[in-house]
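Here is what TrEMBL says about this protein:
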- 1-10: compositional bias 'Low complexity' (COMPBIAS)
- 1-36: region 'Disordered' (REGION)
- 16-25: compositional bias 'Basic residues' (COMPBIAS)
- Asn66, Asp166, Thr187, Lys188, Gly196, Lys197, Phe198, Gly199, Leu200, Gly201, Ala202, Lys203, Lys522: ATP binding site (BINDING)
- 404-563: domain 'DNA topoisomerase VI subunit B transducer' (DOMAIN)
Amino acid sequence: METGSSSEGSPEPKKGKSKTPRKPKAKDSVLKQKSPAEFFAENKNIAGFDNPGKCLYTTVRELVENSLDSAESISELPVVEVTIEEIGKSKFNSMIGLVDRERVDEALYDDHETAKARERRLAKEAKAQEIQAKNAALGKKVKETTASKGMKGRGEASFYRVTCKDNGRGMPHDDIPNMFGRVLSGTKYGLKQTRGKFGLGAKMALIWSKMSTGLPIEISSSMRDQNYMSFCRLDIDIHRNMPHIHVHEKRENKDQWHGAEIQIVIEGNWTTYRSKILHYMRQMAVITPYAQFLFKFISDAPEKNVTIKFARRTDVMPPVPLETKHHPSSVDLLLIKRLITETSKQNLLQFLQHEFVNIGKSYAERLIGEMGPDFSPKMSVKSLTSQQIVRINQLFRQAKFDDPSGDCLSPAGEYNLRLGIIKELHPDMVATYSGSAQVFEGHPFIVEAGVSVGGKDVKQGLNIFRFANRIPLLFEQGADVVTRTALKRINWNNYKINQTQDKIGVFVSIVSTKIPFKGTGKEYIGDDISEIAAAVKSAVQQCCIQLKSKIVKKIQAREQQERKRNLSKYIPDATNAVYDVLKEMAQLHASKKKRYENEDAEILKKVSAKLITKETLRQKLAEHVEKVDYEMALEYATHGGVSEEPKEDIYIQSLETEPKFIDLRSPIFVFRLFQ
């Protein structure tokens, strides 16, 4: 009974859907994979493709750097032509086969202005005009009215055809599709100084082209002594990370041209990134004065067109960087395992000797003895267990090794750096310095620096130019080790340089087998590596010391000129005063009121006989001033290294011929012996 009553009193359970969580379907838990191309398409900012303007800049940068690498790899003086052609909306639509269509429903578009919005805008403009009229009536300065900007719709994109042509190595016919259409495949992998590291340059531009325009890339290429030219038109299958080839054929090469020409159409923004692209080209001309660059921007509006030629200043190229082996202190567990897998050496002793730098036979035997009884020189390197590999890695971290040499590096050189600065900036004075090879984390690096004072197109204060592996760094300057060193660690007043008033150019180039970039964009070098920070400071200081001596001499020469000017100004007054005194003394001597003897008497007789007049006295004083000025100038010229000897004509051979010569290199000059 109780049970029944209780059930009657309790409320009826509500009917409806069950609240128990729904089990996920099997297909929801399927493991998914992304191709490398798909990953970089979704995270394009990693490679510097943040927005349309930056995409245009990065595309130009990557193509130019690939061209320089290609020409330098065959010791050819680079000639690089870059063209950016603006493509209007109608032309772009015709390229992709799309017919222009007039708008039907205006309210559908992002840039549509409603009646109320238009009314508010017109009222605002009328009020502004009224205020300006009042100000004009009161005689106040009136600002020019700017045309109101309409809302720019998201669909109003700007498109550009970027073309880069060089005289480099070219590409093998069969390799072209994979070199452009497969992400993380390239020729720059390995331990050596390179301008690119990820194998993303032109491939990332192709991915951006695929995302923004859908148009393929076109490549023309030919190698030396090749009687045909390869032509390839392709895009990339982002999901499969494979090239999608439209055309791949061999064409006639009548001109025996060698190199590559790459043409790609992308969305971009020339207006906002114009200055960055031109600054990049100018700085590239500074660090590679042996290259010739031709840059063109072509627009439908002729007044927007730009053509700039950066001429070659020298034909002396830095040596080609060499691939090197890993230093034991720079490897990790994964790298050791990979080297063991790839090595052709049979035993552990040979492996240590040939796969790492600075491990000789005797030192390798000592290392193996220190590893323990489980290791022997003759044991097979392929038979090493995971525990034994860990032991090798631990010993590499703890043992001491000689530092790697900088022979594998290819710095620009003081000679080229100085020429580049003079060519592009025309400074009043410049000093350069190239440091010796140093090491961080087992990687060699060399720091070169230049400091200039004065010049054209240089603003007052510090103008900092940063280079890493001979490429300009334009973004994120504030956090860079060079910027922080120049602003905080150099006392410019100690070197007679005014940090705020003088036009100072600070140029620092760092080359290494591993540049410690911060962030994924490869745009700045961190300030946290003490070895690099100390080397940068020392190199800049060495330049400042050189400049100080030049500035001091310049100040002395200016003071000397000022002294001469002052002395010359007082010659007439001094002449009158001295002549009046001499005339009075001559009268006293003649009247025998006061007698003078020897030389004094002779001078007074000449004054009386008018052999010494005001004019002769003035001439003698002027000659004395000139003599003192000449002696001081000669002393200044001697210290400054200026020669008074007659000049001879020097005939410089044209760069267009190909003479045989031998270059004898020094850190500060190159002596060329023609055969």
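The backbone N, Cα and C atoms fix where each Cβ goes, and this holds for glycine too.
Fair warning: this is a prediction, and the values are worked out from it, not measured in the lab.
Structural mapping of features recorded in TrEMBL.
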residue	record	Cβ neighbours (10 Å)
Asn66	ATP binding site	24
Leu200	ATP binding site	23
Ala202	ATP binding site	23
Lys522	ATP binding site	21
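Taking the domain 'DNA topoisomerase VI subunit B transducer' (404-563) as a whole, pLDDT averages 89 in the prediction.
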